[in-house]
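S.K.: Pasting in a structure now, in structure tokens, and then I'll have a few things to ask.
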């Protein structure tokens with residue numbers, strides 16, 4: 001009980017700080033824009049990623065071992081939409097945090113779970129693409145349905161382990177500038193550097209290596225005259241690769257500013273933190289938030305099977321009987337089909 005009272009007092013202080021630093025200085029239109037962006041992000045996040053998961057479940061062409069990574073990534077994006085984002089909206093509308101320490105810690109934990117889970121799943125997808133295109137002979141053995149489930153389980157186990165140190169470092173707290181309980185970059189300079197390197201730079205390096213190797217192979221194959229070399233990379237495989245490459249690029253663009261700010265602040269928190277313009281910090285955070293709703297849109301724009309399934313699902317919503325019938329038929333069709341790579345057989 002005393003801890004809750006102390007936290008509420010601190011939260012009140014933070015609320016005053018937030019009003020001093022930004023909330024009172026921000027015009028009503030700025031707050032309305034932030035709320036509108038987050039509402040849009042949350043709605044599209046929920047609807048889009050549910051469409052992804054249902055599409056994989058319903059469509060035999062999408063239902064394969066490799067697409068487990070895609071579903072896992074969709075789940076990571078859904079985590080923030082169901083809990084942290086609504087609490088951020090609550091803080092925006094109430095100009096501060098009044099939900100207590102427990103809610104703050106849970107929100108910060110789930111935010112981290114979603115972010116790191118997304119990074120690790122995107123890395124897993126890149127490695128999957130690399131193995132399928134560059135090491136196709138070993139792919140079937142490496143990515144059996146059982147092995148894929150184990151790899152996804154490993155990804156989430158590593159994600160949880162990566163978040164746990166935050167509770168010991170004390171880096172999860174309410175930041176009034178972004179109305180969110182989140183990772184505090186000024187809690188520990190060394191820990192901030194480790195977080196940026198391990199949770200962002202290393203995965204980005206791994207994904208970049210995988211996709212560069214794929215691009216090199218694609219270029220080499222296109223220059224070959226032999227038919228057997230050209231057939232190694234089918235047009236559908238290339239389109240699928242481009243889809244996931246776009247997902248990666250958008251993730252990197254949305255999260256790079258915030259991670260760069262973290263590295264700059266870590267150099268000397270007391271000196272550098274006040275020099276970071278508040279508008280830049282807020283924009284970088286909301287760019288990161290916005291990324292959670294983009295993947296489902298990319299699948300729909302660049303992938304014909306996902307696009308068709310989206311239309312079928314949205315149409316069937318108006319005819320519930322048809323939806324139930326088609327879903328039941330899909331659930332019993334092709335469940336034991338040969339495992340294939342992420343978004344394989346899609347156009």
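Cβ atoms are placed via backbone N, Cα and C, with glycine included.
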S.K.: Please identify the range among 73-93, 220-240 that Swiss-Prot labels transmembrane segment.
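M.R.: Among 73-93, 220-240, the range Swiss-Prot annotates as transmembrane segment is 73-93.
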S.K.: Out of 10, 121, which residue gets the N-linked glycosylation site annotation in Swiss-Prot?
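M.R.: The N-linked glycosylation site feature in Swiss-Prot corresponds to 10.
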S.K.: Any idea which of 16-36, 37-57 is down as transmembrane segment in Swiss-Prot?
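M.R.: When 16-36, 37-57 are checked in Swiss-Prot, transmembrane segment belongs to 37-57.
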S.K.: Taking 149-169, 170-190 as the choices, which stretch does Swiss-Prot tie to transmembrane segment?
M.R.: 149-169
S.K.: Swiss-Prot lists transmembrane segment for one of the ranges 245-265, 308-328; which is that range?
M.R.: 245-265
S.K.: According to Swiss-Prot, do residue 66 and residue 191 sit on the same side of the membrane?
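M.R.: They are annotated on opposite sides of the bilayer.
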S.K.: What stretch in 37-57, 73-93, 106-126, 149-169 has the biggest tally of Cβ pairs under 8 Å against the transmembrane segment (279-299)?
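M.R.: It is 37-57 that shares the most Cβ pairs under 8 Å with the transmembrane segment (279-299).
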S.K.: Just going by other Cβ atoms within 10 Å, which of the disulfide-bonded residues 104, 181 has the emptiest spot?
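M.R.: Ranked by other Cβ atoms within 10 Å, the disulfide-bonded residues 104, 181 bottom out at 104.
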S.K.: Do you know the mean pLDDT across the topological domain 'Extracellular' (266-278)?
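M.R.: Mean pLDDT across the topological domain 'Extracellular' (266-278) comes out at 87.
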S.K.: If contact means at least 3 Cβ pairs within less than 8 Å, sequence distance 6 or more, would you call the transmembrane segment (106-126) and the transmembrane segment (37-57) in contact?
M.R.: no
S.K.: Apart from its near flanks, which chain residues at least 6 from the ends of the transmembrane segment (192-212) lie with a Cβ under 8 angstroms of it?
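M.R.: Hits for the transmembrane segment (192-212): 115-116, 119-120, 122-123, 126-127, 129-130, 162, 171, 183, 185-186, 241, 245, 248, 252, 255, 259, 262-263, 265-266.
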S.K.: Residues of the same chain, at least six outside the topological domain 'Extracellular' (266-278), with any C-beta under 8 angstroms of its C-beta?
M.R.: 21-22, 177, 185-186, 189-190, 192-193, 196
